[in-house]
Amino acid sequence: MFRRLITLIRKELQIVLGDKQSRMLLIMPVILQVAIFPLAATLEIKNAALAIYDQDRGPAAIELTQRLRAQAVTFTEFIDIDNPRQLNDTIEHQRALAVVRIPSDFSAQIARANGAPQLQILLDGRRTNAGQIAAGYIQQIVQDYQRDLASARNTATAPSELVVRNWFNPNLDYINFIMPSLIALITTLGVLIVTTLSVAREREQGTFDQLLVSPYTPEMIMAGKIVPAILIASFQAALILLAAVFIYHVPFQGSLVILCLGTILYALALAGVGLFVSSLCATQQQAFLGMFAFMMPAMMLSGFAAPIENMPVWLQHITWINPIRHFMEVVKAVYLKDATVAHAAQLAWPLLVICAITLTSAAVLFRKKVA
């Protein structure tokens with residue numbers, strides 16, 4: 001019995017390792033995960049932008065601004081804001097993780113012996129963890145400034161009051177971040193399973209040859225495999241949306257039409273990836289490994305596990321080719337802040353480019369396999 005077991009184990013290893021594609025699909029995910037995960041999966045705040053709205057322009061405000069620029073090593077970009085409208089745009093379009101608002105009487109309050117100036121920190125509530133960590137960094141710099149000021153005066157200084165506001169997620173409910181993200185993640189899994197395994201499954205079952213002798217063109221065969229994936233993605237997105245609204249009570253702020261159009265575009269882009277992988281593979285096992293090789297790094301680089309701005313700059317550039325990243329941004333913008341058609345289009349245009357490239361590549365490879 002033990003010898004039979006050894007024989008079975010040896011046979012399975014020969015099947016998996018004897019094929020060049022299977023070996024590559026086993027090795028490449030490990031290399032990608034080891035290379036990318038330590039850089040992408042970090043909870044530190046790096047390469048973030050900080051905006052400063054100085055309504056005072058006095059000496060104390062200037063000194064605090066200089067300290068924020070010099071000591072806030074977390075932030076690599078600083079944006080000066082001149083008016084409230086610019087402040088709204090900065091947070092809404094995610095140009096900065098946080099905004100420090102210095103009131104017009106800040107220097108006057110500092111000059112008073114018992115003055116307690118009030119500072120306001122505006123955070124992007126869509127990035128809950130990153131925003132809270134950033135607020136802690138800013139608070140530490142403000143406290144150090146007050147400590148140095150009190151030491152120079154040799155008197156006790158009333159602490160500044162920090163008022164923190166979180167936009168688009170005022171109560172910092174983590175579920176408000178999770179549920180829109182799940183729409184992207186679960187539809188990803190559904191579309192990839194349907195499309196990646198489709199061609200390989202037909203080959204294993206012997207029905208692919210029947211399709212080749214049928215009157216259907218390669219384009220019709222591709223469409224027949226893409227449309228079910230779109231329907232499944234739409235159904236999954238609808239279920240998650242209903243659960244988010246009626247079970248978890250996360251209010252839906254945006255337009256269902258925009259969300260549906262974004263979901264269809266995303267499903268098309270992923271279907272191209274799935275069919276491309278499926279056309280390369282001869283068995284369902286290879287197709288599944290190929291799906292895993294794409295999906296794991298793509299999810300890590302989507303901004304779900306860790307903020308994209310925390311990653312190295314070169315890795316941030318790579319995330320632009322990741323469809324999950326763009327769809328997740330579209331879903332959050334529509335779901336949480338009622339994004340307009342223009343704003344959603346600005347976020348979704350990379351998906352259109354990815355869709356064109358993946359579907360074209362899949363069609364070319366599919367024709368070669370059919371010919």
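Just so it is clear, glycine is given a Cβ too, placed from its N, Cα and C backbone atoms.
Unlike curated entries, TrEMBL annotations are predicted automatically.
What you see is a predicted model, and the numbers here were worked out from it, not measured in a lab.
Record features, source TrEMBL:
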{"type": "DOMAIN", "residues": "135-369", "note": "domain 'ABC transmembrane type-2'"}
{"type": "TRANSMEM", "residues": "177-200", "note": "transmembrane segment"}
{"type": "TRANSMEM", "residues": "226-250", "note": "transmembrane segment"}
{"type": "TRANSMEM", "residues": "256-277", "note": "transmembrane segment"}
{"type": "TRANSMEM", "residues": "289-308", "note": "transmembrane segment"}
{"type": "TRANSMEM", "residues": "347-366", "note": "transmembrane segment"}
Cβ pairs under 8 Å with the transmembrane segment (226-250): which stretch of 177-200, 256-277, 289-308, 347-366 has the most?
177-200
How about the transmembrane segment (289-308) and the transmembrane segment (177-200): at least 3 CB pairs under 8 Å, pairs 6 or more apart in sequence, or not?
yes
